[in-house]
Amino acid sequence: MIPTTYLFVPGNRPERFARALASGADRVILDLEDAVSPADKPQARHTIGAWLATLDGAARATILVRLNDALSPWHADDLQWLSTQPMGEVMLSKCESAAQVAAVHAHMASDAQVLPLIETVRGVMALTDIARAPHVSRLAFGSIDYLLDLDLPGPGFALDAAATAIAMASRAAELPSPVAGVTPELDAARVTGDLLHARSLGFAAKLCIHPTQVGVVREALRPDAPTLAWASRVNSAWQTAGGQGAIQVDGRMVDKPVALRAQRILALADPIT
């Protein structure tokens, strides 16, 4: 199952860890970056490590840690800590090169993965190399920090252009569709609107900052009943036809691209229903 919901939790708030794990989010991201003050980062690393040690393998596989960016004064300590942890995946803040991905992965097991968070113009300019770097799981867009880096007053064409570039780089590298940035507001309509806009740009998952957003995102991604029924009919007919050529379903031609779209709709519904 490809994750669709990623829930951030401050790494210095252990009382929230278990609740986040039970929130229904596909992945929980314990944050060592923006949510934790510089003075609290050493204790946050210790707190996260102690909690991870209490989890079984299945639960631990749903946990990521967001590391401080490679140019920050805390990154080296993050990597030293990471080398002692059995992490299957981490998120790298403000990733700007494939070399940064490799440097992080060097402190992890050979089968571990890195999720680069693209938050800067330099990151966007290096998308092709980052997306094709070994051990990258998928890309995520830190849209709020990107607005700041490019000195943009708010969402608009420039933000959409960067988002589209991330989606295109993901597709070219045969990665899963990328993860959309956070919505600061908890209002369900705003979260849904942001997600649907991101979907129109090629994204298929979302970063969340509160457990209530998880359910909103899952519901917004759920295909409606007519769409599911159509996808099921198309997939059934396509399989019956042997998955070749062109067929007709509901009076319309179905070829391979249409069949693949139907299969993606069904795959999206499976983990949600």
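Cβ atoms are placed via backbone N, Cα and C, with glycine included.
For reference, TrEMBL has these:
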{"type": "DOMAIN", "residues": "6-211", "note": "domain 'HpcH/HpaI aldolase/citrate lyase'"}
{"type": "BINDING", "residues": "ARG66, GLU119", "note": "substrate binding site"}
{"type": "BINDING", "residues": "GLU119, ASP145", "note": "Mg(2+) binding site"}
Site of maximum Cβ density within 10 Å, from binding-site residues GLU119, ASP145: GLU119
Report the mean pLDDT of the predicted model across the domain 'HpcH/HpaI aldolase/citrate lyase' (6-211), rounded to a whole number. 97
Does anything in the same chain, at least 6 positions from ARG66 (substrate binding site), have a Cβ under 8 Å from its Cβ, and if so what? PHE8, ILE29, LEU30, ASP31, LEU32, GLU33, VAL90, MET91, LEU92, SER93, LEU117
How far is it from ASP145 (Mg(2+) binding site) to GLU119 (substrate binding site), counting Cα to Cα, in Å? 5
So, in DSSP terms, is GLU119 (substrate binding site) helix, strand, or coil? coil
